[in-house]
Ligand SMILES: O=C(CO)COP(=O)(O)O
């Protein structure tokens, strides 16, 4: 059975003191995390403090982006090497907000995925269609093309250790969630794309999250589906109580 991954994507929210407060409250919770991985993907500025605050606990820390080069004259950017050195263990790559506002492309996503593995970071690679694409029945072809491009040139072992987050753009921050069956159908099609490219063993190991208005009220149904192995959560990850409920749902699948 694949272990569930519940990751909070804090986006550009919280101050450092709020972030530290969140981590210390969450760490104090008694949670059985045998069947779930808990990840907080925070603004780069908070990563070092959060790694220190959560050391030895069930919580892992992730970044929300990285640059593909190891180092260089790239003002304002953060490298995989720098993240690894801080003790960060996950990195979100190709979030739709970065594709939309910061010119992230399938090609840069692929370069970043490779750089993540070079620095022992687990990539959470985001794919997803717009409302227009969904309405013209292009969802599976778009998502499949994004997945293929993102994973190009990775080894079987690396793909097994990749997390794919299926986030339909129209469901992000809108309160609209894909139905659990629709989300599962797209997650299954992502797994089939991986099966075609990398074979059965890899496809059955890779974890595929759903993201887009996930909250305590809808997570159980989503996680009950065969091909959904966790959630990437924005708004509902910002409060400790709500994040704990999401983790409990993951632990109880
Ligand atoms: O973009 C998301 C997570 O990466 C989803 O955000 P919401 O959960 O706020 O819809």
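Using the three backbone atoms N, Cα and C, a Cβ is placed for every residue, glycine included.
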Looking at the substrate binding annotation from TrEMBL, with 9, 10, 11, 213, 234, 235 already listed, which candidate in 56, 173, 197 is the matching residue?
173
If you check the binding-site residues 10, 11, 173, 213, 234 one by one, which have a CB less than 6 Å away from any atom of ligand 1?
173, 213, 234
Cβ atoms near residue 167 (active site, proton acceptor) (within 10 Å, other residues, all chains)
29
Could you list the residues of the same chain, at least six apart in sequence, whose Cβ is under 8 A from the Cβ of residue 213 (substrate binding site)?
171, 172, 173, 174, 175, 176, 177, 235
Checking your reading of the structure: which of the recorded positions 9, 10, 11, 95, 234 lie inside a 10 Å Cα sphere centred on residue 167 (active site, proton acceptor)?
95
DSSP-derived structure type at residue 9 (substrate binding site), helix or strand or else coil:
strand
Sequence gap of 6 or more, Cβ distance under 8 Å: name the residues on the same chain that satisfy this around residue 234 (substrate binding site), in order along the sequence.
8, 9, 10, 11, 172, 173, 211
